[in-house]
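The structure appears right after this line, and notes come after that.
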Amino acid sequence: MPDTATGHPTSHGNVSPFVEIARADWAALAPATHLPLRETELVQLRGIGDRLDMHEVEDVYLPLSRLLNLYVTGTKKLHRDTSAFLGERAKSTPFIIGVAGSVAVGKSTVARLLREMLARWDDTPRVELVTTDGFLHPNAELQRRGLMERKGFPESYDRRALLRFVTQVKSGVPEVRAPFYSHLAYDIVPGAEVVVRQPDVLIIEGLNVLQPAASGAKLAVSDLFDFSIYVDARTHDIAQWYEERFLSLQRGAFSNPRSYFHRYAELSPAEAVARARGIWSAINEPNLEQNIRPTRSRATLVLRKDADHSVANVLLRKL
């Protein structure tokens, strides 16, 4: 049976819930859209290994930001009309977007770029981005549970805390706090917080944000999303990107004595490649195949990348 996210019929004659749009056709959907974004800003938004340029922004992300703007506008109108129907005073609630995908696939860059682009629309000036890294259990707790080698798997997160956070933001709580995660320390920073204050749009980015509800839970975080994006690519391409990113970090951030991974800084090139491939095979690939990719069909939209990191086509869920 073909992949359910390809847009092709299955062997049973059932069609996908997605419509597949070629890049050229997608780029033509928002020809009049113009959101000022400078090359210097792209450099700051671009993740390690990402080949994001203005051509990619114009072809892929301008139409996506326009589509998201339509969804935001439509959701606000529906909320106002429903409140009027019920005889209630309409209360503004944030539009919540989930961004999911594998390690090294570029989802963080997508989330950062959308934050900047959506904030340029007149009706969504306040856009916040929160990553689920802050909801990982602290390393000490992961060690206590024997989960350090499964960091990034669903069980390594405090899913109740994440659900509570998103619920409070969605409910319009004036100020909601989340733990702060340091990639340098590879751990939650005690006493440090991320504060979200009633944004127009909240973007939640993470490996497992499209996971169904945990066993025994009535609600999943994804149930609170108004729109969700899955960043997709072939496994062997993602593996190559992960290896390239690891080697780049080894030459850069890992050289910092305060880095959790400082011990890798002195590896030879061959040793570094072997270590990157070992981590990918033992942790990241199993997590992708067992937990992350199976949630792809839950997304509203799928960005499918080619080996050069460019988006080749877009799959949009049929209304």
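Quick reminder: no glycine exception, Cβ is built from N, Cα and C everywhere.
For reference, Swiss-Prot has these:
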- Gly101, Ser102, Val103, Ala104, Val105, Gly106, Lys107, Ser108: ATP binding site (BINDING)
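All features noted in Swiss-Prot, drawn onto the structure.
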residue	record	Cβ within 10 Å
Gly101	ATP binding site	31
Ser102	ATP binding site	25
Val103	ATP binding site	21
Ala104	ATP binding site	25
Val105	ATP binding site	26
Gly106	ATP binding site	25
Lys107	ATP binding site	24
Ser108	ATP binding site	22
Given the recorded ATP site (Gly101, Ser102, Val103, Ala104, Val105, Gly106, Lys107, Ser108), which additional residues of the same chain have their Cβ within 8 Å of the Cβ centre, ordered by sequence? Leu207, Val231, Ile238, Trp241
In the three-state DSSP scheme, Val105 (ATP binding site) belongs to coil
